[in-house]
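The structure appears right after this line, and notes come after that.
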Amino acid sequence: MWSSRLFWKLFLVYAGLNIASAIVFVLIVSGRQRTQVVDQVQQRLHDSAVIMRSSMEGVFEQGFSEALQVKVEKLGTETGTRITLIDMDGVVIADSDQNSLQLVREMENHKNRVEVIKALATGSGTSERISPTLSEPMKYYALLYRHDGKPEGVVRVSITMSKIQLEIASIEKLIWSIALVVSFTVMLITYWVVARMIRPLTILTNAAESIANGDYDQKLYFPQHDELGILAQSFNHMSKEMAERVRQLQASGDRLSTVLEGMVEGVIATNERQHVLFANESAGRLLFFSPKEAQGKPLFESVRNHQLQKAVTEVLMTLEPQRMEVELESTSDRILGVTTTPLPGTPCPGLVIVLFDMTELRRLESLRQEFVANVSHELKTPLSSIKAYTETLIRGAMDDPEISKTFLLRIEEQADRLHQLILDLISLASIESGNQVFDIISIDLRPFVESCLVDQQTVAESKQIELVIEEQEPGLRVKADEEGLHQILGNLINNAIKYTPEQGRITIRWQPEQGNMVLLQVQDTGIGIEEKHLARLFERFFRVDKARSRELGGTGLGLSIVKHLVQSFNGTIGVTSKVGEGTTFSVRLPRG
């Protein structure tokens, strides 16, 4: 309450009005009382003069007299006034303020006194002046004395102004005392009334400040059934509605924040000065900065990219969205798609930057183009051979049985190669599309691997290559499609035989691993692969030695098919190799 500025404003205003009213009241009442006192003194002087006149019969004929002086002194004491008797010649014959008759005889002639002149002329007279005899201000009243209608003298009654002022001061003191008591009482009442008026406003103010600070549980209760009660009800309703609105906004903001943080795309919002208002983790990952540290700072203190900075500046100037691709300077192989959009408002309050990682898309486009080129080349080679042999036969080679047989065998070989290429393409497309249905079962590895080796035994024996099985845990099983697993092992073993010199060794081993997985390895003692080629080994149509691959009859799709089959069985595949020592393919499949 004491700190309420409104309380002190109202209280001081009312207190000021109260004090001003009290002063005006005192001035008005004092003025009236002063006039009334003067009138009362005037009347008292008149009454005293009348009384004196009625008791002064024959005194003017008597003249100076000790008895008269004593009588006048007594009356003066009784009335509290100065009584002076003056004859028609202005001679003072008695004065209540003189102690002896001798002093009276020595007094000045009063015929020229103003009040005496008026009394002689009109019957009565008044004046206020300094008494030459007493040397102090006095108020005089003179009354003409007549005997049998004949003027004989003047009875003058006077009183000192100090007595009048003393009486007036006494009355004014009383008035001031009453005014002070009343003012103090009124101020106490004013304090109580203002405090009672301000208290609900103070409570309301504190509650409003609490709400402004985020405390929406504030409730007001005023027992009055007046405007304050209505205000309390309205405030409580407003507080409830505001709490609900804030809750909804927070929930909406949390959902939006969750969505933005969960987006793969990077999102950055800036103000008109390019200071970061928001940035999600994806934006930080794509542009290599910390979103938390960049908050509130200029964007390009954290992100060093001239193209992006130029785009942001242009959007803020033109207020037109822009789309572009940015190649990051720090990593030349990363490409970002950037969409920059100004926020609505006049003037423009900022903009939103959406970042897309285009690296994989561009890589896939490159692979697609390379794939089309490779397919065209792979199809063109056998078709060209078939066409060449056919044209040769037509031109006369058919007449030579030995040559025609050789050419027909070559045509058959190229047709088989073309057929195998088409089958591999169909198989790969079916696996990649996810449309191929697999029958996932539990497969016992030992008999299954032995069956696969039987299929490859003839080719291996032709090169005197030893096929070895290493089993660490008997009865180990995996979950896979039987035909798909056969294709995986067949491709890996066949590749190992192709790239292993004569009298080499191929080992197939398997063992359990953590995570309920089984590690299946195909290891050869072949020519090996340079490390720089390992990352692309599972790409379609990729060959380390293209001439050797064509010579050996490969389509370039086998390892790509193996990779996609393994992934379809929820597994992984990897490769390690050393040139001149051999290669090891490691396949991990779920345990059956």
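Note that Cβ sites are derived from N, Cα and C of the backbone, with glycine treated the same way.
Pulled from TrEMBL:
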DOMAIN    195-247  domain 'HAMP'
DOMAIN    252-316  domain 'PAS'
DOMAIN    374-592  domain 'Histidine kinase'
TRANSMEM  6-29  transmembrane segment
TRANSMEM  174-194  transmembrane segment
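Residues belonging to the domain 'HAMP' (195-247) score a mean pLDDT of 78 in the model. Nonlocal intrachain contacts for the transmembrane segment (6-29), taken as residues 6+ away from its ends with a CB within less than 8 angstroms of a stretch CB, comprise 172, 175-176, 179-180, 182-183, 186-187, 190-191, 194-195, 197-198, 201-202. Summarised by DSSP class, the composition of the domain 'PAS' (252-316) is 37 helix, 12 strand, 16 coil.
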